[in-house]
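*Asks:* My questions all concern the structure below.
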Amino acid sequence: MIRMWPALVLLLLPSGAVSQEEGSLLEGWHEFWLFRFLVNILGYSTIIIPGYLLIRYFKRSNYLDTGSGLCFPVIKACVFGNEVKSSLIDEISAPARNEGDSGSSVKQMLKLLVCAAGLQVSYLTWGVLQERVMTRSYGAQSAEDKGERFQDSQFLVFMNRILALTVSGLWCVLFKQPRHGAPMYKYSFASLSNIMSSWCQYEALKFISFPTQVLAKASKVIPVMLMGKLVSKKSYEYWEYLTAVLISLGVSMFLLSSSTNKHPSTVTTFSGVVILAGYIVFDSFTSNWQDNLFKYKMSSVQMMFGVNLFSCLLTVGSLLEQGALFTSISFMARHSEFAFHAVLLSMCSACGQLFIFYTINQFGAAVFTIIMTLRQAIAILLSCFLYGHAVSPVGGFGIFTVFLALFLRVYARSRMKASRRSAPPMAQKV
C-alpha cells in the first residue's frame with residue numbers, strides 16, 4: 001500500500017511536475033492541489049464551527065427575548081434577523097423592470113448596448129488576466145530566467161471579494177434598499193460554496209487550458225439536468241435533451257481533438273476534471289442557496305454585500321492561519337505587474353457583478369444569457385489568440401456545436417415563454 005501512493009500523487013500534480021523524481025515529490029507534497037484544498041477547508045472550519053456553536057447557543061438560550069446591551073442589535077441581525085418573508089424579490093425588481101420597459105426604444109437600445117459592452121469588457125478582461133496570473137511567471141529578466149509564478153488561488157479570491165464588498169457596500173449606502181430581513185449567518189453557506197467554486201476556477205488553470213475551462217462551464221446544464229431528474233424528479237422538454245446531447249458531443253470533440261496540445265497527459269486531464277467537477281458542484285449549490293435567500297425581502301446588491309462579507313471573513317482568516325496573506329503581499333511588493341493585474345482582476349469581477357444584476361433587472365435572464373454566451377465564445381477566441389492555444393478543425397467544430405446548442409436552448413425557452421403568455425386562459429371546470 002505504501003508503494004502505491006507515489007503513483008496516486010502523480011495523478012494530483014500538474015504536468016510540469018510529473019517529470020520530477022520521487023524524492024522531489026516527497027519534498028513538495030505541500031504543493032499538491034488536494035492538500036491545499038484540504039488546508040483551506042480546515043482554515044474555514046476554524047471560523048465556521050465556533051460560529052455555528054455560538055448561533056446554537058443564542059437560539060437555545062432564547063437570547064432574542066432575554067438579551068440586551070450594546071451587542072444585542074448586532075447579534076439579533078446576525079442570528080435572528082427580522083424573519084420577514086412576505087415580500088419576494090420579484091416585487092422589488094418589478095418597478096425597475098417596468099421603468100426600463102416604459103422608455104423609448106432608442107433609450108432601451110442604448111441601455112442594452114451599455115450592458116452588453118460592460119459585461120463583455122469586464123469578463124473578457126477578467127478571463128485574460130485570470131489566465132495570465134495563473135499560467136505565466138513574473139519577474140523574468142531573460143529567456144533563461146523563468147521568474148516566479150503566483151501559486152495561491154485563495155489570495156486572488158480574497159482580492160476579488162474585498163473589492164466586491166466595497167463596491168456593493170457603497171451601492172447600498174448611495175441608493176435606497178429594501179429593509180433587510182434575513183439572518184446574516186445564512187449568507188455564510190453561499191459564501192463558502194462561492195469561495196470554493198472560485199478557488200477551483202483559478203486552480204484548474206494550472207492543469208487545463210482556458211478554452212477547456214470555458215467549455216466545461218458552458219456545459220453545466222448537463223449535470224444540472226441530471227440532478228434535477230434524479231433528486232427533484234423533474235421532467236424536461238425534448239429540445240432540452242437535444243441541446244444537452246449537442247453540448248456533450250461538442251465538449252467531447254474539443255477535448256479529444258486537444259490531446260496533442262500543451263496538456264496531453266492523463267495527469268492533467270484527471271486533475272482538471274476533478275477540479276472542474278468541484279467547481280460545478282460548488283457553483284450549483286451557491287445559486288440554489290441564493291435563490292432560497294431571495295425569499296426574504298432583499299435586493300441583489302444586498303445579496304452581493306452579504307455573500308462577499310462572509311467570503312472576506314473566511315478567506316482572510318484562512319490566509320492568516322496559513323501565513324499566506326503576507327507571503328502573497330510580499331509577492332505583490334516584488335512584482336508590481338502582478339499587483340496591477342490582481343487589482344484590475346478584482347475591479348473587473350466587482351463591476352461585472354453589478355452589470356449582471358442591472359442587465360437581468362432591465363432586460364431579463366434570456367437577454368443576459370445570450371450576452372454571456374457570446375462572451376464565452378469570444379473569450380475562447382481571445383485566449384487562443386493571446387496565449388497560443390492550438391484548436392484543430394474538429395475542436396473548432398466542437399466549440400461551434402456547444403454554442404449553437406446554447407443559443408438554441410435560449411431561443412426555444414423564449415419561444416415557450418412567449419407562447420404561454422399569449423395562450424388564452426383555460427376554462428375552469430364546474
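Numbering starts at 1 and runs along the chain as displayed.
The backbone N, Cα and C atoms fix where each Cβ goes, and this holds for glycine too.
Annotations in TrEMBL come from automatic prediction, not curation.
Marked as signal peptide by TrEMBL: 1-19. The annotation transmembrane segment is assigned in TrEMBL to 35-55, 110-129, 155-175, 238-257, 263-282, 303-326, 338-358, 365-388, 394-412.
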*Asks:* Are there at least 3 C-beta pairs under 8 angstroms linking the transmembrane segment (35-55) and the transmembrane segment (238-257), leaving out pairs fewer than 6 apart in sequence?
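*Replies:* No, since the transmembrane segment (238-257) and the transmembrane segment (35-55) share fewer than 3 Cβ pairs closer than 8 Å, they do not count as touching.
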*Asks:* When each of 110-129, 303-326, 338-358, 394-412 is checked against the transmembrane segment (35-55) for Cβ pairs under 8 Å, which one has the most?
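*Replies:* That would be 303-326.
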*Asks:* For the transmembrane segment (110-129), give me same-chain residues lying six or more residues beyond its boundaries with a C-beta closer than 8 angstroms to one of its C-beta atoms, as numbers and ranges.
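*Replies:* For the transmembrane segment (110-129), the nonlocal Cβ contacts are 100, 103, 210, 214, 341, 344-345, 348-349, 351-352, 355-356, 358-359, 362-363, 367-368, 371-372, 374-375, 378-379, 382-383, 386.
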